[in-house]
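Trainee: Can you keep this structure in mind? I'll have questions shortly.
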Amino acid sequence: MDGQGLIIPLWADLIAVGLGGVQGALFASGFRGEDRRLDLLGVAIIGIVMGMGGGLIRDLLLNVPAATLQSNWYLLTATGAALIGMLLAGLFQRLNAAIVGLDAVVIGLFGAFGTTKALTLGLPVVPAIFVGVCSAVGGGILRDMIMGLPVAIMHVGSLYAVAALVGCAVLAGAQSAGAPSLAASLIAIVVTAVIRLLAVVFDISLPEQRALHRRKVAVETSAIPIIKP
Amino acid sequence: MDGQGLIIPLWADLIAVGLGGVQGALFASGFRGEDRRLDLLGVAIIGIVMGMGGGLIRDLLLNVPAATLQSNWYLLTATGAALIGMLLAGLFQRLNAAIVGLDAVVIGLFGAFGTTKALTLGLPVVPAIFVGVCSAVGGGILRDMIMGLPVAIMHVGSLYAVAALVGCAVLAGAQSAGAPSLAASLIAIVVTAVIRLLAVVFDISLPEQRALHRRKVAVETSAIPIIKP
Amino acid sequence: MDGQGLIIPLWADLIAVGLGGVQGALFASGFRGEDRRLDLLGVAIIGIVMGMGGGLIRDLLLNVPAATLQSNWYLLTATGAALIGMLLAGLFQRLNAAIVGLDAVVIGLFGAFGTTKALTLGLPVVPAIFVGVCSAVGGGILRDMIMGLPVAIMHVGSLYAVAALVGCAVLAGAQSAGAPSLAASLIAIVVTAVIRLLAVVFDISLPEQRALHRRKVAVETSAIPIIKP
């Protein structure tokens, strides 16, 4: 019923969840909205959402029992990591590179775990890659929706979801070509992290769709008053 | 476990998904928020959400494996349709009637598929209609939540969800009365589309709830300063 | 597959759903956003979301068929309660204490039902408590996300989720200690409601996380211009 146990050892899963929890806490501690500040519980929730959200979405899409709810350790790890991340936020935020690097590795881990689990459960290649990408970026989407922020991956940015997409596709391709599961996962994690980091360093992004319409971009962005959606 | 295969042929499902994807792309290409523009990936995501979101929500509610993830074709169709919709957005937008008509048919299709699947899986009539309505409007709700927009069906509008509700109820009624599944579905699709189109043409909407309280609407909307939620 | 039938009688479940529906209608009738008013359908949707959302989230997390979709009564109760709540909103709103009290009991009921169901299905203690808290606060989170409001429990407030957390933990502890299910549930509901009410009466809240960073709160909130997220 749940093929993950065969493939992803608990400690690897918990490392991903813990890194996600730290990520969430760093995000939360950097957040200052209009009079909407987070309390301790809010930070813990963001940590849980970032650490466990991707896995929950993966298991909902796969219609299997949520792996992260089958053991006490996931919630304890995510919450503990969020609290540690919060206490050390001052330190981490001086190390911006550390956050970006951590984030890139987390996307890679969740993407690889998601795609592997989907393939193990017998999904075709395209939806397996889709499940992997949803695992990788789902925590961030949930976080933004709960926080009432624009969902980051929807807007012109730094190839965030694309990095996950390429990594998951590489994993699926490598497995189809007969590569062992562990090697395929490691390659996928490295590919995702490298693309994400290169995108940040060189500030690369996808072309905006409207450029394809040959709209008068310059006019639109300067002369026409901004209309709220 | 998944009763849909017995009833809804793949090609019919893919047509609904494709129309949803085109719809999503047209929506996305018309979207201009404050400095929040969609890139190519964003358009593809909106296409996937509109094309597959209703079916995913339906299968989550029914606790069956997501039909749209059991074949490569769904994601390829939704993404392909979104890209085509984006390239032809200039054309389509001059044909506003085409968009409204397309949308009305899509609501009808998703509503009919959702109700039929729920009834086939043995749900009672009321929840089966509920699942149909969620299938019909779920993609749009997900889209608005991901885009950070007010959820359209929540606010005074043109009988959008009501059209789906009536169509799904007609389908459930017709099946209870012994009508064959295909005929019941076709009637439901036509009923939904016609109600939706009539509502748009004649600008009909539900009474606002506050009118029932006999509040002084005129005073409220003119004199009292608007307070942000 | 669905252990709930053994434990929670339908009438108890329907009372919780009905109270949730009334709650939703009172919320909806008090809502006035910028030109975004709710119509009759919107009020019914909010009633359904508040009455059934927590149970749906619980069953999704537990990967069991949604209990609220296995009988016609849930949707009829939630919708009926929402309409009654709407008609009597003027009355209820003069009784603010009634709303707060009602809300406290509803949180307790949903939390107790969620934790009990999770434990019955064999989940470990920590995730069982988590499922209970999600059942208790999930309807409100869904409501805020659909309404486009900041999610209430994320921000400095009155120990809303904490009340649910303590109640669910007490329930899990009492059951582990051998207390009968019904007694444990009643204690948990009382504990949750009392904490919530005390928090409202004495205006208690959790410390903000940023106080832990020893940031210059006074300076931040007064001198630095507010930046939109």
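Placement of Cβ uses the backbone N, Cα and C atoms for every residue, glycine included.
Curation does not apply to TrEMBL; its annotations are automatic.
The structure displayed is predicted, hence computed values, not measured ones.
Okay, these came from TrEMBL:
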type	residues	note
TRANSMEM	C:6-28	transmembrane segment
DOMAIN	C:10-88	domain 'Glycine transporter'
TRANSMEM	C:40-61	transmembrane segment
TRANSMEM	C:73-92	transmembrane segment
TRANSMEM	C:97-115	transmembrane segment
DOMAIN	C:102-172	domain 'Glycine transporter'
TRANSMEM	C:121-142	transmembrane segment
TRANSMEM	C:149-172	transmembrane segment
TRANSMEM	C:184-206	transmembrane segment
Trainee: Under 8 Å between C-beta atoms and at least six residues away from its ends: which parts of the chain pack against the transmembrane segment (C:149-172)?
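Mentor: Residues 104, 107-108, 110-112, 114-116, 119, 125, 128-129, 132-133, 136-137, 140-141, 184-185, 187-189, 191-193, 195-196, 199-200, 203-206, 208.
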Trainee: Under DSSP, the domain 'Glycine transporter' (C:10-88) has how many residues in helix, strand and coil?
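Mentor: Summed over the domain 'Glycine transporter' (C:10-88), the classes give 62 helix, 4 strand, 13 coil.
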Trainee: Which range out of C:6-28, C:121-142, C:184-206 gives the transmembrane segment (C:73-92) the most CB pairs under 8 Å?
Mentor: C:6-28
Trainee: Count up the helix, strand and coil residues in the domain 'Glycine transporter' (C:102-172) according to DSSP, in that order.
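Mentor: The composition, in the requested order, is 58 helix, 1 strand, 12 coil.
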